[in-house]
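S.K.: The structure's right below; bear with me while I get my questions together.
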Amino acid sequence: MARKFSSARPEMFRRFTPDSLEEIEAFTELKKSCTLEKKEPESTPRIDLEAGKPLPMIYGDPPEDLLNIPLEDLDPFYKTQKTFIVISKGNIINRFNAERALYIFSPFNPIRRGAIRVFVNSAFNFFIMFTIFSNCIFMTISNPPAWSKIVEYTFTGIYTFEVIVKVLSRGFCIGHFTFLRDPWNWLDFSVVTMTYITEFIDLRNVSALRTFRVLRALKTITIFPGLKTIVRALIESMKQMGDVVILTVFSLAVFTLAGMQLFMGNLRHKCIRWPISNVTLDYESAYNTTFDFTAYIENEENQYFLDGALDALLCGNNSDAGKCPEGYTCMKAGRNPNYGYTNYDNFAWTFLCLFRLMLQDYWENLYQMTLRAAGKSYMVFFIMVIFLGSFYLINLILAVVAMAYEEQNQATLAEAQEKEAEFQRAVEQLRIQQEQINDERKASLASQLTQNQEAEITDDGDDAIKECNGKAFPLANIREPSSVKLSTEEQRSDSKSMDSKHSVDKPSLKHKAASTMSVFTLEDLEAARRPCPPVWYKFAGFVFKWNCCGPWVFLKKWVHFVMMDPFTDLFITLCIILNTLFMSIEHHPMNESFQSLLSAGNLVFTTIFAAEMVLKIIALDPYYYFQQTWNIFDSIIVSLSLLELGLSNMQGMSVLRSLRLLRIFKLAKSWPTLNILIKIICNSVGALGNLTIVLAIIVFIFALVGFQLFGKNYKEYVCKISDDCELPRWHMNDFFHSFLIVFRALCGEWIETMWDCMEVGGVPMCLAVYMMVIIIGNLVMLNLFLALLLSSFSSDNLSSIEEDDEVNSLQVASERISRAKNWVKIFITGTVQALVLWIQGKKPPSDDVVGEEGDNEGKKDTLPLNYLDGEKIVDGITNCVESPTLNLPIVKGESEIEEEGLVDSSDEEDTNKKKHALNDEDSSVCSTVDYSPSEQDPLAKEEEEEEEEEPEELESKDPEACFTEKCIWRFPFLDVDITQGKGKIWWNLRRTCYTIVEHDYFETFIIFMILLSSGVLAFEDIYIWRRRVIKVILEYADKVFTYVFIVEMLLKWVAYGFKRYFTDAWCWLDFVIVGASIMGITSSLLGYEELGAIKNLRTIRALRPLRALSRFEGMKVVVRALLGAIPSIMNVLLVCLMFWLIFSIMGVNLFAGKFYRCINTTTDEILPVEEVNNRSDCMALMYTNEVRWVNLKVNYDNAGMGYLSLLQVSTFKGWMDIMYAAVDSREVEDQPIYEINVYMYLYFVIFIVFGAFFTLNLFIGVIIDNFNRQKQKLGGEDLFMTEEQKKYYNAMKKLGSKKAAKCIPRPSNVVQGVVYDIVTQPFTDIFIMALICINMVAMMVESEDQSQVKKDILSQINVIFVIIFTVECLLKLLALRQYFFTVGWNVFDFAVVVISIIGLLLSDIIEKYFVSPTLFRVIRLARIARVLRLIRAAKGIRTLLFALMMSLPALFNIGLLLFLIMFIFSIFGMSNFAYVKKQGGVDDIFNFETFGNSMICLFEITTSAGWDGLLLPTLNTGPPDCDPDVENPGTDVRGNCGNPGKGITFFCSYIILSFLVVVNMYIAIILENFGVAQEESSDLLCEDDFVMFDETWHKFDVHGTQFLDYNDLPRFVNALQEPMRIPNPNRHKLAKMDMYVVMEDKISYLDVLLAVTQEVLGDTTEMEAMRLSIQAKFKKDNPSPTFFEPVVTTLRRKEEEWASVVIQRAFRQYLLMRAVSHASFLSQIKHMNEGPKDGVGSQDSLITQKMNALYRGNPELTMPLEQQIKPMLDKPRMPSLSVPETYPIQIPKEVTNEVILHSAPMVRQNYSYSGAIVVRESIV
């Protein structure tokens, strides 16, 4: 109901006085004393009047004297409560409690009033804010001065004063709105309290408590209202993460237990020197000491270390584990890697390892160590954890955070809409009141004046009301006071607004404005439009509008004409591109001539852009030039370029050159994709403003926490983490480095710095701090950032790229050039034709014909004349181009009409051919993939429509023509008559070949050969040279496959013809592969197989598996989706490359040639600058020492290598070396110094934020958006259904798949029956679940170094649990009999029990006979499977797993595609990188020597992990990095060098394909299905409700008949749980449901389920057809036609019963009347015979007894009545009385019971159905 607003009056704001308090108290007492019969609905506080919000506009501005003083509450909800408000400056509402503060200070106490004035004063808030910021700055000082203690006391005093002010003004804790009732004040109170505790009480761990001071930074959140909103949203999102957190922790616990069982103790396996050398034995014997084996293996000198490694080399005893070098043996010794923190020895450390693995932080290190220690086969464990944990669970957190924040946004939007609606209602009421006032005023004037005066004054009144220019006019005159209307007002002419500006308000109108709730003036609108004073606008117009004289104006017009021409924009765009190209070709080293060329080019381009700016200023005048954002941007860049030219000789000014790169953003004016994406980023940054501040505060706080807690520890215990006892690069000894560590943790790299922290600062404290950083900063905040960024990618934004019809200048210029080209072509062709005809003496065609042809050809290339805006048409000079859309020359695919625009006939024919190759179903002769034309391919659409119109042609069984018409026209002998002779034989041969290649067996055979040939490629590893027999077999097999594919190709040539074969893309792929194979065989026969070119051709065979793409339906769907996404992906890739180009060129300017260093070749250590200062010193030492002047492999020496560096930084792999080199760099050819250039860290921080975070997430956004758009195009049915219908459809879909399972009958045997009752009780399940949890805890307490006693106890506990679960299984088997195996969970339990028993029995045998422990470990995993039974007890977890199950089919398809990509790249890797030097990430396990090792490496790179280490050896080109002549044992291949071009291309392309595309498709599908699962779980009915219905049905339908007795229906629906439950009394509601009742009074399962579902969801007529179809399906699945036929419905049954009740009542009344009449007759007889007596009306009178018998239901009176009546009837009748002819001598028993049963109609009661049935039968 709309609230009523009266006109605003000053008395609306009333002071809060003692009288006000007495009124509130009196009203409260009155309300308590009043007992109202009907409870009033509970009111709620108004949202717009909450504390902290601004006063709604409708109330206007309160008078100045009422600010900052207590006022009566405006909210009606608080009118009856002891509260008051204070409105501060800015009209902010502050609400206070009216009770005494601290039981002393009343609201009228001067001290409290003073505290309130201070508290609400904005200056106080600014002072506190300044104090907080100052305090934060002081806390960041590493070595505070001596007077810092005084400053600290000052801050403490200020905070104490703030708390005192708040407590005095609000009260402490008793009552609403007191100090401690606000959670934000808890922070203030705790900070101040802890400050005093740490100052005055001597505590040991003072540093930990003093860390509370850091939380003062959080006080900044309390000052800004927007930040409070963000924090509330974050807290709400964390609340909603409950189910995901539980599932994540549960999954991690299960994986942790599995990891413990598989890898416990493995990471301690090290290579120990063995056998023991004679020197050691001699030493022991000389000193007569016994040999200490433990000390020997623990001694690090006896362990094998790789160069530069901190931990000993791991190894394993499995066949596929890492091996030790000669002279070493694998033993368990020493501590675990990484200071002992990386291990699987107990639950806690294993959980940390798995948590790190799930977050993918340096997981390649854990992966490599585990596979080396346990074996390559355990890669399967990591695949499961990565795909289920990392890809699924982490992205579920992203989805939950995004949905939670979206809900907060929706709630905020709803609140704003409610306020707007309330405001509109108030405005409407004010308008009506104002009209009434105006009408009254007119009426009073009309009654006082004459007719003429009346008309005149009335007209004036109208004018005064309508035209209030410059005068205050009421808001009632504005119909819609929204921003839209205000903007419309702003669009009025300048003259009116200027007139209105200088008028003065009258005092009377001002008084009226003060008394109105909300008043607007045109002056306010003009002020909002122009914030500066009018004088400034006059001055600007006079100075910056240059129209001084005629010649200048004439010159300006011509300059305007030139500068606004599209060709000028095209020229400037080309200059921008050329300028970027000039800057990007800068490299190191450069010769002087090249450098001079670049300098000259820079000068030329700077001159051009400066001239452009000057000419545009002349053309537009400065007044208009600087009103356009792009012009301002351009002027800044030009000014900086000119400044850079002037400062070019100064040191450090090269960075200014990089700023010229920003000019590339001007391409956004003509590049729609770039424009849209820049807008998205800008909008996201704007929308994320508050979130950015909160994230910055959190980073600041955690950096301070680390600095305060661990700063000193890093200095004291530095020798623990550094060999030279110098601080490492990552430490917390100062605030800046602490900030870098927190930022690195937010980037996902935290585990390495946490190891150092735990080593110097203690495990518990470091774990707590880091976990908070990861959970709050990484998982919540950054996911929220990503979610809001993705929300900017609405379909409207990205689809607008395609739908944008606006024509820019470059398109117009391009169109002009194309039209000129076409005109020249037509002119030349026409001239030549005319000349030829003239020579031949023929008459040339008329001009009209030529003109028509030219017009027709030019029609497609024309634009309407009004393509330009009005201001672009200068002096009537217009353009003749008339095509609304055309091709953009910068990015192909941007325009909607790629294929239509501006192509000649040959281009069109080529385009048609290409489209035909992908689109025509007949032409897909080498593929079963049907090309799906996208919306951007109109040509493909047209051809698709033609195909649909001509289906008969497509179904033709005859082959097509071999050659095109042009070929036959040029070579007529190709046209063969197929009706006779050789032509007929040729035609029959073609038809036979056509039949063969079209046969399914042929296709199956070819696919089999493709798979076989692909599998053969996997065997061609480095060991093939040692297996001569296999090598010969593979060579012959390769030839056989080649011959098979040649035959296939020849058959298809003959069958399909060249035209059709070579217009199919898949056939082209097949042709290339076969051609490469033919060339390989030919070269081997000729002896040229060792040539490099031939070897490269052989690698093309790796593409053979691509041929299988078209044969698998699942991969076909994924490929089609990928093909549809390629245009969007390419656009975003180009934008990312452009963004990165800026950073790359900036890196070249900053670091080119500066990454060189002089190193010791033995240890690879950088020599100190004291020994080597520059390159010359290093060169001098090279001749005498083992030193080298080397460059970092990945550097910024040119833009290309800069791109590679940025890719490593953006994927956080290999970025440390690059960043270290950057911060150590000095000048070119100078030796680096440790962190001499420390603030270069900021370059990488800025790039990570903008270059990595934004641009890489653009891929996710684009792929998800494209995926959703394609789904909308393909899922047509969903587009035509409403949301309610979708809910119905989902619910009905579940119902359709649901079938009433047979209930397991209770056994007849007594013992089995008792056991059945026990195992089916809910208590049994709860008991077993508790045992499973205890079992899980028992498994968690296992550890590697546990004592024998603990080991025996845990073993016995395991035996006990096995016995318990075995007994449970046996009991269930006994009770449920053969039905036990009909339940899936029972089968799972049975399998777990069997495997557990086998593991228990075999464990001794396995250990006794030293069988491989792998089998034993796998069997022990069965114990963990018991834990999975907990899933069925958790509804939320089942919902999330249901989302995963929904995703499985699509994920399987993507997995197939990913496997195919990995397979192909593995073959390429084996061909090119099998023999590279073992360096970096390449070793004896992780390499490309075999197919298995290649797959292990590529799985690692799939998550972008470790690719920098694998890339490093491929960048070696020659000595001394590698040896090109080294022999590889067992092979003929020489050398171990790589190929940088191949290596960079290989790894970059794989990362883009797998990490950025395929993995993101994986993420997109999971997010999509999570949304579906959440939608279904948030529906009124979900899967659990139907399961509950099913289980309840089985309790009533014990025999599983799928029918329920009608009389049991009320009890059944009452037994259901919410929301399906229909509580008693429910018979009337069941009747209204109108369910069918079949024979024998039964109701079917489906009818009840449909009826209950419809009751919950509501009824819609659209779903009737779906109901009928589901009924038909259910009837088909359960054929019982006779029994299923409905007899009646519940509604009809109720009507019949009600009709019977009506008949019974009428009959009862009839019987009653007869009985009373009969009793009266008998009474008369009695009185006549015996005479009148007293007490006739007493209780024992006959009528009274009869009435009592009838109405009190006392059947005992029936026999006395009959005994009294019978003797009376035997007496003779009195002749004077008329006896009725017929009357009942004896009331029948049935009737008596009926009357008794249904008597007392005045008492309302619910008749039971059993009674109704008896009545019906008795009457019948």
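In case you wondered, yes, glycine gets a Cβ from its N, Cα and C as well.
Below, the features straight out of Swiss-Prot:
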type     : residues      : note
COMPBIAS : 896-910       : compositional bias 'Acidic residues'
COMPBIAS : 942-953       : compositional bias 'Acidic residues'
DISULFID : Cys271-Cys324 : disulfide bond
DISULFID : Cys757-Cys766 : disulfide bond
REPEAT   : 1304-1602     : repeat 'IV'
TOPO_DOM : 1-117         : topological domain 'Cytoplasmic'
TOPO_DOM : 172-176       : topological domain 'Cytoplasmic'
TOPO_DOM : 198-203       : topological domain 'Extracellular'
TOPO_DOM : 225-243       : topological domain 'Cytoplasmic'
TOPO_DOM : 372-378       : topological domain 'Extracellular'
TOPO_DOM : 403-557       : topological domain 'Cytoplasmic'
TOPO_DOM : 621-625       : topological domain 'Cytoplasmic'
TOPO_DOM : 672-690       : topological domain 'Cytoplasmic'
TOPO_DOM : 756-766       : topological domain 'Extracellular'
TOPO_DOM : 1026-1037     : topological domain 'Extracellular'
TOPO_DOM : 1087-1091     : topological domain 'Extracellular'
TOPO_DOM : 1153-1199     : topological domain 'Extracellular'
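Neighbours and distances for these, please.
M.R.: According to DSSP, Cys324 (disulfide bond) sits in a coil region rather than a helix or strand.
The Cβ of Cys757 (disulfide bond) has 27 neighbouring Cβ atoms from other residues within 10 Å, across all protein chains displayed.
Mapped onto DSSP classes, the topological domain 'Cytoplasmic' (172-176) shows 0 helix, 0 strand, 5 coil.
Per DSSP, the secondary structure of the topological domain 'Extracellular' (372-378) breaks down as 6 helix, 0 strand, 1 coil.
Residue counts for the topological domain 'Cytoplasmic' (621-625) by DSSP state, with H, G and I taken as helix and E and B as strand, are 5 helix, 0 strand, 0 coil.
Residues 208, 339, 341, 706, 709-710, 713-714, 716-718, 720-721, 728, 730-732 of the same chain lie 6 or more positions beyond the ends of the topological domain 'Extracellular' (756-766) yet place their CB under 8 Å from a CB of it.
Under 8 Å from some Cβ of the topological domain 'Extracellular' (1026-1037) lie the Cβ atoms of residues 1012-1013, 1016, 1019-1020, 1530, all in the same chain and six or more residues away from its ends.
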S.K.: Across the whole of the topological domain 'Extracellular' (1153-1199), what does the mean pLDDT come to? Round it, please.
M.R.: 87
S.K.: Taking only same-chain residues 6+ apart in sequence, whose CB is under 8 Å from that of Cys271 (disulfide bond), what do you get?
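M.R.: The answer is Gln303, Tyr304, Ala312, Leu313, Cys315, Cys324, Pro325, Tyr328, Thr329, Cys330.
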S.K.: For the topological domain 'Extracellular' (372-378), give me same-chain residues lying six or more residues beyond its boundaries with a C-beta closer than 8 angstroms to one of its C-beta atoms, as numbers and ranges.
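M.R.: For the topological domain 'Extracellular' (372-378), the nonlocal Cβ contacts are 262-263, 266-267, 269, 314-316, 318-322, 1414, 1485, 1492-1493, 1496.
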S.K.: What else in the chain is close to the topological domain 'Cytoplasmic' (621-625), if you only count residues 6 or more beyond its ends and a Cβ gap under 8 Å?
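M.R.: For the topological domain 'Cytoplasmic' (621-625), the list is 540-541, 544-547, 556, 631.
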S.K.: Which residues, given as numbers and ranges, are at least 6 beyond the ends of the topological domain 'Cytoplasmic' (172-176) yet have a Cβ under 8 Å from it?
M.R.: 81-83, 97, 99, 101-102
S.K.: How many helix, strand and coil residues does the topological domain 'Cytoplasmic' (1-117) contain under DSSP?
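M.R.: Going through the topological domain 'Cytoplasmic' (1-117) residue by residue, I get 39 helix, 19 strand, 59 coil.
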S.K.: Over all shown protein chains, what is the count of other CB atoms within 10 A of the CB belonging to Cys324 (disulfide bond)?
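M.R.: Excluding its own Cβ, Cys324 (disulfide bond) sees 20 Cβ atoms within 10 Å.
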S.K.: Is Cys766 (disulfide bond) helix, strand or coil when read with DSSP?
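M.R.: Where Cys766 (disulfide bond) sits, the three-state DSSP reduction gives helix.
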S.K.: Reduced to three states, what secondary structure does DSSP give Cys271 (disulfide bond)?
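M.R.: Once the DSSP labels are grouped into three classes, Cys271 (disulfide bond) ends up as strand.
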